[in-house]
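Feature list (source: TrEMBL):
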type: COMPBIAS; residues: 388-397; note: compositional bias 'Acidic residues'
type: DOMAIN; residues: 1-358; note: domain 'Major facilitator superfamily (MFS) profile'
type: REGION; residues: 375-397; note: region 'Disordered'
type: TRANSMEM; residues: 47-71; note: transmembrane segment
type: TRANSMEM; residues: 77-94; note: transmembrane segment
type: TRANSMEM; residues: 106-129; note: transmembrane segment
type: TRANSMEM; residues: 135-155; note: transmembrane segment
type: TRANSMEM; residues: 176-194; note: transmembrane segment
type: TRANSMEM; residues: 214-234; note: transmembrane segment
type: TRANSMEM; residues: 241-261; note: transmembrane segment
type: TRANSMEM; residues: 273-293; note: transmembrane segment
type: TRANSMEM; residues: 300-319; note: transmembrane segment
type: TRANSMEM; residues: 331-353; note: transmembrane segment
Amino acid sequence: PEGEEFLAKENVRVGLMFASKALVQLLVNPSVGLLTNRIGYHIPMFIGFIIMFLSTVMFAFSGTYTLLFIARALQGIGSSFSSVAGLGMLASVYTDDFERGNAMGIALGGLALGLLIGAPFGSVMYEFVGKSSPFLVLAFLALLDGALQLCILQPSKISPESTKGTPVVTLLRDPYILVAAGALCFSNMGVAMLEPTLPIWMMQTMCSPKWQLGMAFLPASISYLIGTNLFGILANKMGRWLCSLIGMAVVGISLLCVPLAKNIYGLIGPNGGLGFAIGMVDSSMMPIMGYLVDLRHTSVYGNVYAIADVAFCMGFAIGPSTGGAIVRAIGFPWLMTIIGVINIAYAPLCWYLRNPPANEEKIAILSQECPMQTKSYSTQKTPHDFPLADDSDVEAE
């Protein structure tokens, strides 16, 4: 009975620590978006690596809840720099809509690989080697990443965008961007609620050993890896709006099935479906964000990916912090029911992204640029970005 009471209280403490990263990331994202417009994407990405390395080392040697909380919050700052700058860089390098979808599918596959290895690796190392071991390995991998960035991206150059990006406030008034951001938020909120609450529920109902607590997330991580890579290509063919609509519905159904599991094997199906469906939503919505900016605003991507990351973080901030409290109040099965129903109810809104209208001024610019090409809106830059000289044929080529 004492253990039960301790675990009930731990739901809230663990939930708050999980949420601290996302809350800090949420606050830092708009500033990073503005910074990328001014100095380019490479330096912020490298700053992100340095902060992530420091937080990982801090995790390894922290012995109190307060220090772990600070390390987790510091991780949020590093994540903000890395993800906003990384996605913005991909959107600016891959201007073709189809290529951009593929590139972002691969990048999100990198995120999935971290999730795939992280939870099982962490729980096994913790059980058999010690608390510091997984973080020290991670710190070494972070150093390797920093060396690769120095060699390939050369983050010493300041390369500001040649045109001024659309302000964050203007982008937030765009209903289509808000629908896409909402899909990212609610689909990821489900897995964010599971992260702190599922292991504790497994201890209470299944008496699971520590190594199983991380292994429970393995099906979700594997299927997310498959989903992001598969639908990075397929979503463009079947329609990204449809892909995200189906994905959100499947997220909801999977969450409703989680409390039905009686042992770790019963979690394979629901968690696998959840990871695959979130992969569908993420690999559809990230390219849509870039596409909407191309279609309706100025083709500078720092701010829109700051908004996408804010939406992502809101899911990971609200999810764990409220999830722990809801579990304590009404129980884990009801938590899964609530978030599952929210996802299913939100899914039809993705239909609005089926054929978003272009900005009138943008249509006029694009029709002058490419009078013969009806779908030129997908990735063309404004003429201010590339002022054509006498050798315009060569530049156009």
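Cβ atoms here come from the backbone N, Cα and C positions, even for glycine.
Below 8 A, the CB atoms of the transmembrane segment (331-353) and the transmembrane segment (176-194) form 3+ pairs separated by six or more positions in the chain.
Distant neighbours of the transmembrane segment (135-155): 42-43, 45-46, 49-50, 52-53, 56-57, 59-60, 121, 125; these residues of the same chain sit at least 6 beyond its ends, with a Cβ under 8 Å from one of its Cβ atoms.
Ranking 47-71, 77-94, 176-194, 273-293, 300-319 by CB pairs under 8 A with the transmembrane segment (214-234) puts 273-293 at the top. For the transmembrane segment (176-194), the residues of the chain that approach it from at least six positions outside its boundaries are 18, 22, 217, 220, 244, 247-248, 251-252, 254-255, 258, 271, 274-275, 277-278, 281-282, 285, 288-289, 292, 296, 304, 307-308, 310-312, 314-320, 322-323, 335-336, 339-340, 342-343, 346, 349-350, 352-353, 356, judged by C-beta separation under 8 angstroms. Among the listed stretches 47-71, 273-293, 300-319, the one sharing the most Cβ pairs under 8 Å with the transmembrane segment (106-129) is 273-293. For the transmembrane segment (300-319), the list of distant contacts is 18-19, 21-23, 25-26, 29-30, 32-37, 41, 76, 80, 83-85, 87-88, 91-92, 161, 163-168, 171-172, 177, 180-182, 184-193, 195, 285-286, 289-290, 292-293, 339: same-chain residues at least six beyond its ends, Cβ to Cβ under 8 Å. For the domain 'Major facilitator superfamily (MFS) profile' (1-358), the predicted model reports an average pLDDT of 84.
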